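Undergrad: Take a look at the following structure, please.
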Amino acid sequence: MSLQMVTVGHNIALIQPGFSLMNFDGQVFFFGQKGWPKRSCPTGVFHFDIKQNHLKLKPAIFSKDSCYLPPLRYPATCSYKGSIDSDKHQYIIHGGKTPNNELSDKIYIMSVACKNNKKVTFRCTEKDLVGDVPEPRYGHSIDVVYSRGKSMGVLFGGRSYMPSTQRTTEKWNSVADCLPHVFLIDFEFGCATSYILPELQDGLSFHVSIARNDTVYILGGHSLASNIRPANLYRIRVDLPLGTPAVNCTVLPGGISVSSAILTQTNNDEFVIVGGYQLENQKRMVCSLVSLGDNTIEISEMETPDWTSDIKHSKIWFGSNMGNGTIFLGIPGDNKQAMSEAFYFYTLRCSEEDLSEDQKIVSNSQTSTEDPGDSTPFEDSEEFCFSAEATSFDGDDEFDTYNEDDEDDESVTGYWITCCPTCDVDINTWVPFYSTELNKPAMIYCSHGDGHWVHAQCMDLEERTLIHLSEGSNKYYCNEHVQIARALQTPKRNPPLQKPPMKSLHKKGSGKVLTPAKKSFLRRLFD
């Protein structure tokens with residue numbers, strides 16, 4: 001095993017415990033950013049590009065017919081194929097937490113709409129469920145099983161908020177284990193069915209799940225009610241005949257006590273479990289090798305990585321599976337130093353000696369993953385789980401190398417110029433100021449003379465003013481040239497005020513005109 005430190009560009013603030021990674025044809029995409037998406041990347045999905053131990057997050061594109069996909073932390077995700085032999089990969093996303101700490105009960109299906117010049121356009125659709133709809137939750141698992149030429153989703157575990165009748169102001173965000181029900185979900189028709197299995201007595205969350213053909217293995221996990229991490233090992237088998245599906249569960253010996261572990265696949269039938277927690281305040285520093293057979297599973301300890309002192313002394317850690325036996329790890333930065341980063345990141349290669357040369361290039365230059373996940377401090381009740389499919393690994397997949405020249409080189413662009421004598425924008429210390437900014441400062445064009453660009457923040461522009469100027473066609477002048485521009489302008493001619501004529505105060509109004517008939521009547525009246 002080899003451990004390498006990874007540096008991150010300006011988007012490091014987007015990475016937080018609970019994010020997910022999705023792999024589409026060798027390209028990995030980041031999902032679950034911190035906070036709500038900005039205007040510069042309204043989708044909240046980024047290309048997760050690692051080259052020479054440096055990570056860049058580049059905004060992804062969605063088709064016009066896509067639904068809105070909110071950033072979700074600790075969702076259950078898995079890759080999905082219509083059949084076990086299909087080459088078309090989709091990703092299923094269920095549950096998770098929004099930036100407002102609301103829990104989602106929706107199912108989203110992510111797929112590739114088109115791919116042009118290595119630029120991927122996604123399509124996201126929301127699937128409505130009927131039947132026994134799972135309650136909103138996070139920290140659970142979802143896997144896909146294949147039986148008799150059909151496929152079905154298997155959802156289990158997780159945590160949810162207390163029932164509305166029990167939630168109070170003081171305990172509004174208190175969570176509890178979901179009931180230990182197993183849900184079968186038909187992604188084609190949107191039907192969900194709940195199964196109660198006697199072998200599953202306690203609710204679990206942040207466990208490890210592995211799917212192989214018609215079987216799902218559940219390892220470890222944490223029970224919030226008893227605050228223990230039992231050495232669980234369950235085998236859930238699903239049979240899909242023409243009629244009603246058959247679901248059975250078997251308790252197997254030889255489990256491990258772990259929660260929030262990271263799972264990566266090193267071979268068709270071999271997985272490595274890294275990280276997680278074995279006690280409330282104790283990280284699990286050993287690694288386990290999981291070998292799957294037709295009806296068997298074996299778990300054994302393997303070589304322990306040469307952890308750095310920062311990782312050893314860190315109270316929490318989190319990460320995700322990058323694929324090809326590589327794991328992405330993160331630990332909190334040192335808050336004692338003024339210029340310390342929020343997090344430090346590493347890549348851990350678990351099976352470098354078994355990879356081909358092409359796969360080694362993939363591990364060095366481009367992250368890859370079959371299934372996502374993350375962890376976070378257990379004392380904050382924020383753990384995560386991972387799931388993987390034994391049939392999803394393909395060591396011979398061709399990787400389409402990403403062309404760095406397709407992107408703009410930020411070092412030669414004019415974003416980091418000194419726009420005015422009081423400009424203090426520096427590439428090393430700059431942080432986003434406007435909601436429209438992501439990794440570059442917002443600029444506006446000054447129309448004085450031949451014209452030049454200035455930073456909107458240096459001009460003290462309000463965000464609504466900046467948006468108004470960018471949408472319209474009015475000329476803008478910077479603070480240094482605005483007085484010169486005003487002096488050169490010809491003042492507009494103001495038309496004279498038109499005063500309404502005043503009525504004469506002594507003018508008598510016109511009297512009433514009496515007709516001859518009325519005059520004759522009045523004469524006879526007074527005579």
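Including glycine, each Cβ sits where the backbone N, Cα and C put it.
Given the structure is predicted, the values throughout are model-derived calculations rather than measurements.
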Undergrad: Given that Swiss-Prot annotates HIS452, CYS478, HIS481 as Zn(2+) 2-binding, name the residue from CYS423, CYS446 that shares the site.
TA: CYS446
Undergrad: Given the binding-site residues CYS419, CYS423, CYS458, tell me which ones have a C-alpha lying within 10 Å of the C-alpha of HIS452 (Zn(2+) 2 binding site).
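TA: Cα filter at 10 Å returns CYS419.
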Undergrad: For the binding-site residues listed here (CYS419, CYS458, CYS478), tell me which residue's CB has the most neighbouring CB atoms inside 10 Å.
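TA: Selected residue: CYS419.
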Undergrad: Where does HIS455 (Zn(2+) 1 binding site) sit in the DSSP three-state scheme?
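TA: Going by the DSSP assignment, HIS455 (Zn(2+) 1 binding site) falls within a strand, counted as strand.
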Undergrad: When the Cα of CYS458 (Zn(2+) 1 binding site) is compared with the Cα of each of the binding-site residues CYS446, CYS478, HIS481, which one is closest?
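TA: Of all the candidates listed, CYS478 is nearest in space.
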Undergrad: Reported as an integer number of Å, what is the Cα distance between CYS419 (Zn(2+) 1 binding site) and CYS446 (Zn(2+) 2 binding site)?
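TA: Roughly 10 Å, rounded to the nearest whole number.
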Undergrad: Among the binding-site residues listed here, HIS452, HIS455, HIS481, which has the most company in the form of other Cβ atoms within 10 Å of its Cβ?
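TA: Output for this query is HIS455.
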Undergrad: Measuring Cα to Cα, how far is HIS455 (Zn(2+) 1 binding site) from CYS478 (Zn(2+) 2 binding site) in Å?
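TA: Between the Cα atoms of HIS455 (Zn(2+) 1 binding site) and CYS478 (Zn(2+) 2 binding site), the distance comes to 9 Å.
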